[in-house]
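*Asks:* Once you've had a glance at the structure underneath, I'll fire off some questions.
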Amino acid sequence: MNTSAPPAVSPNITVLAPGKGPWQVAFIGITTGLLSLATVTGNLLVLISFKVNTELKTVNNYFLLSLACADLIIGTFSMNLYTTYLLMGHWALGTLACDLWLALDYVASNASVMNLLLISFDRYFSVTRPLSYRAKRTPRRAALMIGLAWLVSFVLWAPAILFWQYLVGERTVLAGQCYIQFLSQPIITFGTAMAAFYLPVTVMCTLYWRIYRETENRARELAALQGSETPGKGGGSSSSSERSQPGAEGSPETPPGRCCRCCRAPRLLQAYSWKEEEEEDEGSMESLTSSEGEEPGSEVVIKMPMVDPEAQAPAKQPPRSSPNTVKRPTRKGRERAGKGQKPRGKEQLAKRKTFSLVKEKKAARTLSAILLAFIVTWTPYNIMVLVSTFCKDCVPETLWELGYWLCYVNSTINPMCYALCNKAFRDTFRLLLLCRWDKRRWRKIPKRPGSVHRTPSRQC
């Protein structure tokens, strides 16, 4: 993906001379053709994976989907047209095709860098303002932001590229060459490089550093929280949120109804509540919520240890319930049972924080891979842009060509970054490439910390 507006081909250089040998032409053609094929294939896999695998339809991946669309445009049109330009030594497709190619290239690339900024800001606010921001973080809002990114990119570049010659009254692009007319001055090229590359990179690196610092602070807080837990009676860790149970010898048995009312307190349910919007890249994980729209006839049974098991009379136990059993409806007619352990507020808080921390680190890992690929592939060309501003003849034309093509290689690398950092993408890619997607059998296995085993429902 060109995550910066692709710089214009310098008007001061001559593209590959017609005298290039046949072996050089063959090498360039085969290499660039393979890169184009890999770019198109990789980004098509991203789009198809998003379509067929519902696990990937998360807010994070909407931004990756937009990047893949831009990369697909680059791999399909920009790479091949630029290769033709290089191999022929001149632009032979006419002025209209030249302007359309440049407009498409710049719009897609600028939209990509804006989407990368959106990902960075999304990660930053998700980490620093998890409650207020995630409540507003919906697929519809993500789609709106992506649409605005593309619209702004189109407005900034397309009219200027297509109509500049009519504004100034003449076309000054040299015959047989293809570059943006208003970028023919080095100082203007320098300004666009600063705005389109150096400024976004600075912002993204700053945001990533803040994300890293915040994630490390979360890890330290989690370690302190887990270290503060002390063993309690019944094998669980003690917590300030525990509720006392009358369990001394000779004390009357707690009525089941009273237990159910006590344990249905909102604070206890909150310990087992997971927001569906927190479901991210890996795995389709079922959320246990306290919504009112759940189906009757099924229930959650959470078994908690008695204070003194020997003091209880087995003969008085009802055959299908006990005082230490909590019920509440579920959606699918089965039960979740946590045997031998009482839900502890601090323990469940630690589990939620652990899950959130793992998710944040995974998203930050994907962002770091994309950002690193962007910097590595785009920095060489933009350094040459700065050098050429002060010394026009200091950069050989071969370096210009390699630097420009290296920017395109970013579109080839990005799908690899998604697969490297995201197991769901990786597995889907593998199954699609092996033509085995239809044979896959999904099994929903709870993966969240604190997930409890699902068994057939029973009544209290």
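Cβ from N, Cα, C; glycine included.
What you are looking at is a predicted structure, and each value in this text was computed from that prediction instead of being measured.
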*Asks:* Of the listed cysteines CYS98, CYS205, which one does Swiss-Prot record as disulfide-linked to CYS178?
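*Replies:* Answer per the record: CYS98.
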*Asks:* Go through the topological domain entries in Swiss-Prot and note whether ASN53 and LEU432 share a side of the membrane.
*Replies:* yes
*Asks:* Which residue, chosen from ASN12, ASN110, is annotated N-linked glycosylation site in Swiss-Prot?
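*Replies:* Checked Swiss-Prot: the N-linked glycosylation site annotation sits on ASN12.
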*Asks:* With the cut-off set at 10 Å between Cβ atoms, which of these disulfide-bonded residues ends up with the most neighbours? Options: CYS98, CYS178.
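*Replies:* The largest 10 Å Cβ neighbour count belongs to CYS178.
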*Asks:* With pairs 6 or more apart in sequence, are the transmembrane segment (398-420) and the transmembrane segment (63-84) linked by at least 3 Cβ pairs under 8 Å?
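*Replies:* Yes; at least 3 Cβ pairs under 8 Å.
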*Asks:* Determine, to the nearest whole angstrom, how far the Cα atom of THR428 (phosphothreonine) is from the Cα atom of CYS98 (disulfide bond).
*Replies:* 38
*Asks:* At a Cβ cut-off of 8 Å, and with pairs 6 or more apart in sequence only, do we get at least 3 pairs between the transmembrane segment (367-390) and the transmembrane segment (96-121), yes or no?
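*Replies:* Result for the transmembrane segment (367-390) with the transmembrane segment (96-121) is yes.
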*Asks:* From the DSSP assignment alone, can you count helix, strand and coil residues within the topological domain 'Cytoplasmic' (122-142)?
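*Replies:* For the topological domain 'Cytoplasmic' (122-142), the helix, strand and coil counts are 18 helix, 0 strand, 3 coil.
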